[in-house]
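**Student:** Below is one structure. I have some questions about it.
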Amino acid sequence: MIICWAFLLIEALLLVEVNVALRKKKRKNEEEDDLEVISIRTMAQETLGEWGGTLATVTYVFLGYTSMIAYSSKSGDILFHLINLPASISGIFFTSLFTMLISIGGTRATDQVNQWLTTSMIGLLLAIEVLAVVSGGWAGLGGSGNWGKVPATIPVIIFSLVYHDLAPVLCAYLGGDLTRIRTSVLLGSLVPLLALLFWDAVALGLSAQSDQVVDPVELLMRVKWSGVSIMVEAFSLLAVGTSLIGTLLSFFEFFKEQLSNFTLQFPSTQLPQGNMLFGLKKWWGRNKSLTAMTMAVTPALFVSSTVPDAFSAATDIAGGYCMTILYGVLPPAMAWAMLNREAEDPEQKAFSKARPLLLGVGLFACCIVIEQILQDILLFGS
């Protein structure tokens, strides 16, 4: 988990450097102070060319939908246990709440709500872990771990620790201030790492008390005090909610940027008044935000409400392939491309002497993808 965290931290810092460099370049060319979010698709296209933009677009869209499916499906399952509302309806209701928050409240209101939810989640996690330790569930540095099981868990670890979809939004939100952005990325990434490491020790300790393979959460819920199960379900819901906010916000901004780019490619003055494309562009101009949010949410809600156990399949695909390619392979490739332009642009010195690091993290990401392919081949073969 620590190795995956360090790998993802390096990748996030690379994304930040590329994004801020492009923001400065765009501000210089357009002489604007207030810029919209520069998505990872635009970053890849600017640094790697059309093929990079296409790969980033396809991967990001697939990742966005699989993540949304996972969060909507899981929230439905949790709410079903809490209030006995059908999982499909619960997932739609939960996702719709955050959809309205982002659509109506905007980024700043969403940020305030997310801070409150995160604080509540951390408080609940601490309380649950204290109860677990009191119940004898603490393995420390020991426990009954099995290193042979590590490869199959890498997609889930990456899925749990990834926050890179927020990098473009964070760069815009903090105005391209590299010092503040780097600090936010570092401190923000430490919170889930420490929480997961602590929970891992608790889970291994609880598992050691059982003679059979069982979910540690189920063992925790066997504690006599009935409030434990409610606390665990509430924490799980908050964890899903805070993850959903980040993914939905960045996915929404991605589609909004693509719609803006599309309208810029077809100026209204060049289209006949009666042309269907003219009417479509005019409608998009008025309803760009609504269209972007609909595109981000509707397909995911449909799949999560109709496909049973969509959560497990979605997390494996998102963590093993989409996230690793998008946030593992592409960032060092983009940084490498910017390095090659240093001779042409002396101001691009953010990645100087970084080629060995870029090569190392890029190869590590490729190895994860190859390992996941082998895991899936063996799974299908069995």
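Glycine is treated like the rest: Cβ placed from N, Cα and C.
Pasting the relevant annotations from TrEMBL:
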type	residues	note
TRANSMEM	6-22	transmembrane segment
TRANSMEM	51-72	transmembrane segment
TRANSMEM	78-104	transmembrane segment
TRANSMEM	116-140	transmembrane segment
TRANSMEM	152-173	transmembrane segment
TRANSMEM	185-208	transmembrane segment
TRANSMEM	228-252	transmembrane segment
TRANSMEM	290-311	transmembrane segment
TRANSMEM	317-337	transmembrane segment
TRANSMEM	357-374	transmembrane segment
**Student:** Please tell me whether the transmembrane segment (317-337) and the transmembrane segment (357-374) touch - that is, whether there are at least 3 C-beta pairs under 8 Å between them, with each pair 6 or more apart in sequence.
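**Tutor:** They do touch: at least three Cβ pairs between the two stretches lie under 8 Å.
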**Student:** Who are the chain neighbours of the transmembrane segment (357-374) in space, where the CB to CB distance is under 8 Å and they lie at least 6 residues beyond its ends?
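**Tutor:** Beyond its ends, the transmembrane segment (357-374) has Cβ neighbours at 7, 10-11, 14, 151, 154-155, 158, 320-321, 324-325, 328-329, 331-333, 335-336, 339, 351.
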**Student:** So are the transmembrane segment (51-72) and the transmembrane segment (185-208) touching or not, going by 3+ C-beta pairs under 8 A with a sequence gap of 6 or more?
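**Tutor:** Counting Cβ pairs under 8 Å (6 or more apart in sequence), the transmembrane segment (51-72) does not reach the transmembrane segment (185-208), since there are fewer than 3.
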**Student:** Cβ under 8 Å, sequence separation of at least 6 from the ends of the transmembrane segment (78-104): give me the contacting residues as numbers and ranges.
**Tutor:** 68, 71-72, 110, 113, 230, 233-234, 236-237, 240-241, 244-245, 248-249, 252, 289-290, 293, 297, 300-301, 304-306
**Student:** Taking a Cβ cut-off under 8 Å, which residues six or more beyond the ends of the transmembrane segment (6-22) line up next to it in the same chain?
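**Tutor:** Same-chain contacts beyond the flanks: 38, 40, 42-43, 46-47, 158, 161-164, 167-168, 170-171, 176, 178, 181-182, 185-186, 189, 327-328, 331-332, 334-335, 338, 348, 350-351, 357-358, 361, 364-365.
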**Student:** Mind checking which residues reach the transmembrane segment (290-311)? Cβ under 8 Å, same chain, six or more beyond either end.
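**Tutor:** Residues 64-65, 68-70, 72-74, 76-77, 88-89, 91-92, 95-96, 99, 102-103, 248, 251-256, 259, 284.
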